[in-house]
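Peer 1: Before I ask anything, let me first share the structure, which is written out below as structure tokens.
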Amino acid sequence: MKFSSVLALAASAKLVASHATVFAVWINDEDQGLGNTADGYIRTPPNNSPVTDVTSTDLTCNVNGDQAAAKTLEVAAGDKITFEWHHNSRDSSDDIIADSHKGPVLVYMAPTEAGSAGKNWVKIYEDGYNDGTWAVDTLIANKGKHSVTVPDVPAGNYLFRPEIIALHEGNREGGAQLYMECVQFKVTSDGTTQLPEGVSLPGAYTATDEGILFDIYSSFDSYPIPGPAVWDGASSGSGSSGSGSSSSAAATSSAEKTATSTTAAATTTAVATSTSSATQVQPTSVATFTTSVRPTTSAAPTTSAPTSSAAPTGGTGTGSIQIYQQCGGMNYKGATGCASGLTCKQWNPYYHQCVQA
């Protein structure tokens, strides 16, 4: 097999070992139980593979995201919503997402009907790159949790869309990996702050946006978070706190958004003080996520072969690693031996992968 074909196949395999989805939600620090089950409240995809085509309708709420979940959680303005991400299971040993998957964490919201159609998405939270720390690093440190505060919007049904953009392959067009789900909420308080028009998803990103096509292995001091500015009517949880201590995050327009990844400060908006009436859903078992490869209809990128096939660095374990699994890279601690007929290729300093020899 030609090396270019191997590279294309590896790109479509999505580096399946290190992905993540939202497993659960907390409201005002109360666990709402597993939401990614058949009777849950998250529009959960069939696997934890990322979306890499920013023009795909899967960018709205992921695969099957147009299908409503069984339940809807109730919240009120001022309530704190905490999203909890995991790789394979809601277990203390879960690695959340590979630490090589550097990138920003964002949250959008939209009225349910419009949001399901990919329209009127309003960004209410973002965290990117601050003083050498990526939002994904903070997410892992906080055991997969990040928080937002429910704005003082009119009563009704809304979708909240947490998102991770992993940039470990963002140095090539089509390499960024986007992870998102839509969580169903009913806002019971009746606020007077109307959501602005919002953006379309897909539509808000392009494959060549500075924050999508971004080389994390180059020298840089700041990172331009993709998409619109954070709505100035949003009051979102701090990006540095897993418990989601409340702080305001906003900007007045997309044009005023700077290339730094710090969350823009703005005057805190007033929120109602009513408390959540969410029905608590207790998990009956710990769900696990089976990682699989989702085929895509878009053409695989044609990329020149790496100039070096350096031996894996950082791996200390031994074992027989299967095709497309990680076998090395900076800070990698797992096994480094590929199965028979495979070789460990270096795609970048942080990620080496078993591919056909």
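Backbone N, Cα and C define each Cβ position, glycine as well.
Checked Swiss-Prot, it gives:
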REGION    19-234  region 'Catalytic'
BINDING   HIS19, HIS101, TYR179  Cu(2+) binding site
DISULFID  CYS61-CYS182  disulfide bond
BINDING   HIS168, GLN177  O2 binding site
REGION    235-318  region 'Ser/Thr-rich linker'
REGION    292-317  region 'Disordered'
DOMAIN    319-355  domain 'CBM1'
Peer 1: About how far apart, in whole Å, are the alpha carbons (Cα) of CYS61 (disulfide bond) and HIS168 (O2 binding site)?
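Peer 2: Here the two Cα atoms are 22 Å apart.
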Peer 1: Would you identify which of the binding-site residues HIS19, HIS101, HIS168 has the most other C-beta atoms lying within 10 angstroms of its C-beta?
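Peer 2: In terms of Cβ crowding, the pick is HIS101.
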Peer 1: Starting from the Cβ centroid of HIS19, HIS101, TYR179, which together make up the recorded Cu(2+) site, report each further residue of the same chain whose Cβ lies within 8 Å of that point, ordered by sequence.
Peer 2: SER18, ALA20, ASN48, PRO50, ILE97, ALA98, ILE164, ALA166, GLN177
Peer 1: Please report the number of other Cβ atoms within 10 Å of the Cβ of TYR179 (Cu(2+) binding site).
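Peer 2: 24, counting other Cβ atoms within 10 Å of TYR179 (Cu(2+) binding site).
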Peer 1: In whole Å, how far does the CA atom of HIS168 (O2 binding site) lie from that of HIS101 (Cu(2+) binding site)?
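Peer 2: Given the Cα positions, HIS168 (O2 binding site) is 5 Å from HIS101 (Cu(2+) binding site).
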Peer 1: Rounded to a whole number, how many Å is the Cα of CYS182 (disulfide bond) away from the Cα of HIS19 (Cu(2+) binding site)?
Peer 2: 17
Peer 1: Pop the mean pLDDT for the domain 'CBM1' (319-355) in here, whole number is fine.
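Peer 2: Averaging the confidence scores along the domain 'CBM1' (319-355) gives 80.
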Peer 1: DSSP three-state call for CYS61 (disulfide bond): helix, strand or coil?
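Peer 2: Looking at the DSSP assignment, CYS61 (disulfide bond) belongs to a helix.
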Peer 1: These are the recorded positions: GLN177, CYS182. Which one scores highest on other Cβ atoms within 10 Å?
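Peer 2: The residue with the most neighbouring Cβ atoms within 10 Å is CYS182.
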Peer 1: Do you know offhand how many angstrom separate GLN177 (O2 binding site) and HIS19 (Cu(2+) binding site) by C-alpha?
Peer 2: 9
